[in-house]
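Here is the structure we will look at.
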Amino acid sequence: MTQLTIITPDDWHLHFRDGDMLQETVPATARLFNRAIVMPNLLPPVTDAKLASAYRERILAARPAGSTFEPLMTIFLTNNTTEQDIIDAKAAGVVAAKLYPAGATTNSDAAVKALDALFPIFEAMEKHGLLLLVHGEVTESHIDIFDREALFIERYLARIVNAFPGLKVVFEHITTKDAADFVMSAADNVAATITPQHLLLNRNDLLVGGVRPHNFCLPVLKRSTHQEALRAVVATGSSKFFLGTDSAPHEKHRKESACGCAGCYSAWSALELYAQVFDDLGALDKLEGFASIHGPDFYGLPRNTGSVTLVKETWTVPSEIILPNGNPIVPFFAGEEVSWKVKTA
């Protein structure tokens, strides 16, 4: 197959950041994706309906002229979140609340420290129809970073899912066979997103031959057996798994430092890279479901009506992109060849 047309896709997990960065990140995503779930981990975090609505307006202001791109907003759960916050968020059009264990990722220090105390909030979310998006890692300092996802399932996620069967839960950016198996065996209210980097890479691509800071993300890349498990589940076409890039921009100097930031900025190549993965797996017929159907169906939103055409044509991801402030950012797969390309009119 040398050409593939799919329903216009959505990105069910990304980071736009804020301020001048929006002039880069919003157009990069809006070129192909009609909607995106926008993460709330700003400084300060987006913890309520008012902050979410204001952030949404800043994103809309950064859309390219004529764009119909729609940001889908989320709020950031803390131990101070109330049921009224959930009610107000739902009324304001917020679609989900994000659970970050404190310290799990960029700007998550304000997040949840006593997870069991949030069970009344999960009950409110179940009642009012707000989805729960989970960064599924434990964060105690003595626990090995490669074990944190599996332990989160065991300690917390299984209990949350069992306690709230009417609560839709998205296990975001899964990285392990443990997570894939958990989602596959869970009830229909549980789904997962998978990033391009976790399908394309494993921890050797981060650590062998020198540290590769632009492949560093959280949850961290795992061993190849976990990568292969993720590739296997997307190849099945299961509706429980859908596209979430976790595109997460950081300026070049913040990645290439003694204490580099976590995140891969994949917005400019994500769909094409997913196509490459599905092609490698002999499963191109499953790409449309993963990119364009399973996500809206799980969220209870209409599927998009437009289409995107990909052609089998090699191109090279730019080595750098210059941000509006003049600083460079290195995109994911910078300088690498990609075998699929979006066809432009």
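Even glycines carry a Cβ here, placed using N, Cα and C.
Feature annotation from Swiss-Prot assigns Zn(2+) 1 binding site to His13, His15, Lys98, Asp246; the stated evidence is sequence analysis. Swiss-Prot lists His15, Phe16, Arg17, Asn41, His135, Leu218, His250, Ala262 with the feature substrate binding site, giving sequence analysis as the kind of evidence. Among the features that Swiss-Prot reports, Zn(2+) 2 binding site is placed at Lys98, His135, His173. The N6-carboxylysine annotation in Swiss-Prot covers Lys98. Swiss-Prot lists Asp246 with the feature active site, giving sequence analysis as the kind of evidence.
When the CA atoms are compared, the binding-site residues lying within 10 A of His13 (Zn(2+) 1 binding site) are His173, out of the candidates Asn41, His135, His173, Leu218, His250, Ala262.
The C-beta environment of Lys98 (Zn(2+) 1 binding site), restricted to residues of the same chain at least 6 apart in sequence and closer than 8 Å, consists of Met39, Pro40, Asn41, Thr74, Ile75, Phe76, Leu77, Leu133, Val134, His135. Over all protein chains present, the Cβ of Leu218 (substrate binding site) has 20 other Cβ atoms lying within 10 Å. When the alpha carbons of His173 (Zn(2+) 2 binding site) and Asp246 (Zn(2+) 1 binding site) are compared, the span between them is 7 angstrom. Looking at His15, Arg17, His250, the binding-site residues in this record, the fewest other C-beta atoms within 10 angstroms of the C-beta turn up around Arg17.
Note: the Cα of Asp246 (Zn(2+) 1 binding site) and the Cα of Leu218 (substrate binding site) are spaced 9 Å from each other. Just so you know, the Cβ of Asn41 (substrate binding site) picks up 22 other Cβ atoms within 10 Å once every protein chain is counted. In sequence order, Leu22, Thr25, Val26, Thr29, Ala36, Val38, Met39, Ile59, Pro71 make up the list of same-chain residues 6 or more apart from Phe16 (substrate binding site) whose Cβ falls under 8 Å from its Cβ. If you take the Cα of Leu218 (substrate binding site) and the Cα of His15 (Zn(2+) 1 binding site), they are about 13 angstrom apart, rounded to a whole number.
A Cα-Cα distance of 12 Å separates Ala262 (substrate binding site) from His15 (Zn(2+) 1 binding site).
Other residues of the same chain near the Zn(2+) 1 site, with their Cβ within 8 Å of the Cβ centroid of His13, His15, Lys98, Asp246, are Leu14, Ile37, Val38, Met39, Asn41, Leu133, Glu172, His173, Gly244, Ala248. DSSP assigns Arg17 (substrate binding site) to coil in the three-state reduction, outside any helix or strand.
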